[in-house]
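J.: I'd like to ask you about the structure that follows.
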Amino acid sequence: MSKGRLFTSESVTEGHPDKICDAISDSVLDALLEQDPKSRVAVETLVTTGQVHVAGEVTTTAYADIPKIVRDRILDIGYDSSTKGFDGASCGVNVAIGAQSPDIAQGVDTAHETRVEGKADPLDLQGAGDQGLMFGYAIGDTPELMPLPIALAHRLARRLTEVRKNGVLDYLRPDGKTQVTIQYDGTTPVRLDTVVLSTQHADGIDLEGTLTPDIREKVVNTVLADLGHETLDTSDYRLLVNPTGKFVLGGPMGDAGLTGRKIIVDTYGGWARHGGGAFSGKDPSKVDRSAAYAMRWVAKNVVAAGLAERVEVQVAYAIGKAAPVGLFVETFGSETVDPAKIEKAIGEVFDLRPAAIVRDLDLLRPIYAPTAAYGHFGRTDIELPWEQTNKVDDLKSAI
């Protein structure tokens with residue numbers, strides 16, 4: 001980036017219609033994994049005015065009361081009254097769940113390496129659940145090694161929900177979005193340019209007299225005070241609150257929502273590339289999810305080891321095969337050692353076969369519902385296995 005370039009990322013709150021769907025899908029997944037860790041799950045959710053539709057494919061020995069899971073999660077998010085446009089206690093819930101395709105199952109249960117090539121390694125038994133490409137990224141912008149724009153957007157979204165739920169701003173409603181524009185000098189963030197914050201609110205709240213000053217003081221300035229970034233000037237940012245002038249009608253009444261429609265919010269805010277696969281509602285046999293988590297784990301450890309200031313890693317799979325068909329490492333000229341050595345070290349330190357990823361990150365657990373909002377990467381409020389920097393010494397030794 002040349003001097004003076006502006007980069008923008010956005011986040012949304014847990015009450016955004018698409019995020020309601022992600023939360024429901026991952027809550028169903030967790031309920032099944034808790035009883036049967038080997039559950040195969042692909043659950044999609046749609047919400048609209050007064051209705052929730054849950055569909056997909058599941059193979060499991062577990063039982064989940066899906067309508068109850070749906071209602072409990074919606075109520076927890078904060079949609080508990082028709083005055084808010086949606087009520088988890090009274091909305092309609094329709095469930096249409098079938099079994100996983102046996103054609104897919106045979107490739108996952110018995111990989112090409114075992115079925116055709118005759119390999120005996122247990123980690124060659126499980127094939128990838130689909131073809132596809134997944135990216136991981138890390139950068140030294142923040143202590144959690146995430147790009148600053150998305151990290152700040154998530155903090156603002158979490159704070160917006162916090163002041164609603166703890167009663168500090170009790171007139172707020174669950175639906176909301178945040179957007180952060182930061183000025184860069186090269187790759188260094190130097191100035192916070194613009195914050196856009198749209199939040200659903202009770203009727204009759206004055207935008208200029210109440211909402212905007214409350215959001216500036218209780219949300220934005222509180223988050224910025226805790227940010228403590230060394231190079232970022234936050235003294236003269238522009239704040240735009242509800243630029244349409246009013247946001248009373250929100251949630252599923254304002255917009256229909258679908259699982260998997262916030263994949264850039266879920267990852268790196270557009271700063272890094274994305275393979276296209278969504279996460280929520282998918283068990284770890286789906287490499288869309290598990291391999292994207294593994295790539296973040298790889299990238300974070302590379303940066304934490306001091307091998308590069310920023311790195312993007314791509315992996316690719318063929319459905320039904322265990323071994324990746326490709327690995328690509330990009331350090332953007334920020335490396336401290338030969339990138340070819342970094343790529344070789346990654347191959348030696350990390351086993352990227354699906355069964356190995358599941359084993360090393362302990363993914364057959366009900367840990368997914370908390371990831372459904374505020375990002376899957378760089379989380380500081382919950383512990384996630386792919387955020388560990390436990391391979392730093394191994395990478396240094398391999399180099």
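Backbone N, Cα and C define each Cβ position, glycine as well.
What you are looking at is a predicted structure, and each value in this text was computed from that prediction instead of being measured.
Swiss-Prot feature annotations, pasted as is:
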- HIS16, ASP175, GLY176, LYS177, LYS246, PHE247, ASP255, ARG261, LYS262, ALA278, LYS282: ATP binding site (BINDING)
- ASP18: Mg(2+) binding site (BINDING)
- GLU44: K(+) binding site (BINDING)
- GLU57, GLN100, ASP255, LYS286: L-methionine binding site (BINDING)
- 100-110: region 'Flexible loop' (REGION)
J.: Restricting to the record's ATP-binding residues (HIS16, ASP175, GLY176, LYS177, LYS246, PHE247, ASP255, ARG261, LYS262, ALA278, LYS282), give me the longest CA-CA distance in Å as a whole number.
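T.: Greatest Cα-Cα span of the listed binding residues: 36 Å.
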J.: Taking only C-alpha atoms and a 10 A limit, tell me which of ASP18, GLU44, GLN100 are near LYS282 (ATP binding site). These are the binding-site residues.
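T.: For LYS282 (ATP binding site), the binding-site residues whose Cα atoms are within 10 Å come to GLU44.
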J.: Cα-Cα separation of ASP255 (ATP binding site) and the residue listed as 'Mg(2+) binding site', in Å?
T.: 9
J.: Quick one, of the binding-site residues ASP18, GLU44, ASP255, which Cβ has the fewest other Cβ within 10 Å?
T.: ASP255
J.: Suppose we draw a 10 Å sphere around the Cβ of LYS286 (L-methionine binding site). How many other Cβ atoms does it contain, all chains included?
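T.: For LYS286 (L-methionine binding site), the count of other Cβ atoms within 10 Å is 23.
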J.: What does DSSP assign the residue listed as 'Mg(2+) binding site', in three states?
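T.: For the residue listed as 'Mg(2+) binding site' - judged by DSSP and reduced to three states - the answer is helix.
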J.: Nearest of the binding-site residues to the residue listed as 'Mg(2+) binding site' by CA-CA distance, picking from GLY176, LYS246, LYS286?
T.: GLY176
J.: Of all the binding-site residues given, HIS16, LYS246, LYS262, LYS282, which has the fewest Cβ neighbours within 10 Å once its own Cβ is left out?
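T.: Sparsest of the binding-site residues HIS16, LYS246, LYS262, LYS282 by Cβ contacts within 10 Å: LYS246.
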J.: Spatially, and counting Cα to Cα, which of the binding-site residues is closest to HIS16 (ATP binding site)? Options: GLU44, GLN100, LYS286.
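T.: Smallest Cα separation from HIS16 (ATP binding site) among GLU44, GLN100, LYS286: GLU44.
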J.: Could you state the whole-number distance in Å separating the C-alpha atoms of LYS246 (ATP binding site) and GLN100 (L-methionine binding site)?
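T.: The Cα atom of LYS246 (ATP binding site) is 44 Å away from the Cα atom of GLN100 (L-methionine binding site).
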J.: Express the predicted model's confidence over the region 'Flexible loop' (100-110) as a mean pLDDT, rounded to an integer.
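T.: 70, rounded to a whole number.
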J.: Quick check for the class: what is the C-alpha distance, in angstrom and rounded, between GLN100 (L-methionine binding site) and GLY176 (ATP binding site)?
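T.: Here the two Cα atoms are 35 Å apart.
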J.: Once the DSSP letters are reduced so that anything not helix or strand counts as coil, what is GLU57 (L-methionine binding site)?
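T.: GLU57 (L-methionine binding site) sits in a strand per DSSP.
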J.: Roughly how many angstrom lie between the C-alpha atoms of LYS286 (L-methionine binding site) and GLY176 (ATP binding site)?
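T.: One finds 30 Å between the Cα atoms of these residues.
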J.: Run through GLU44, GLY176, LYS262 for me and report the binding-site residues whose CA is within 10 Å of the CA of GLU57 (L-methionine binding site), in sequence order.
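T.: GLU44, listed in sequence order.
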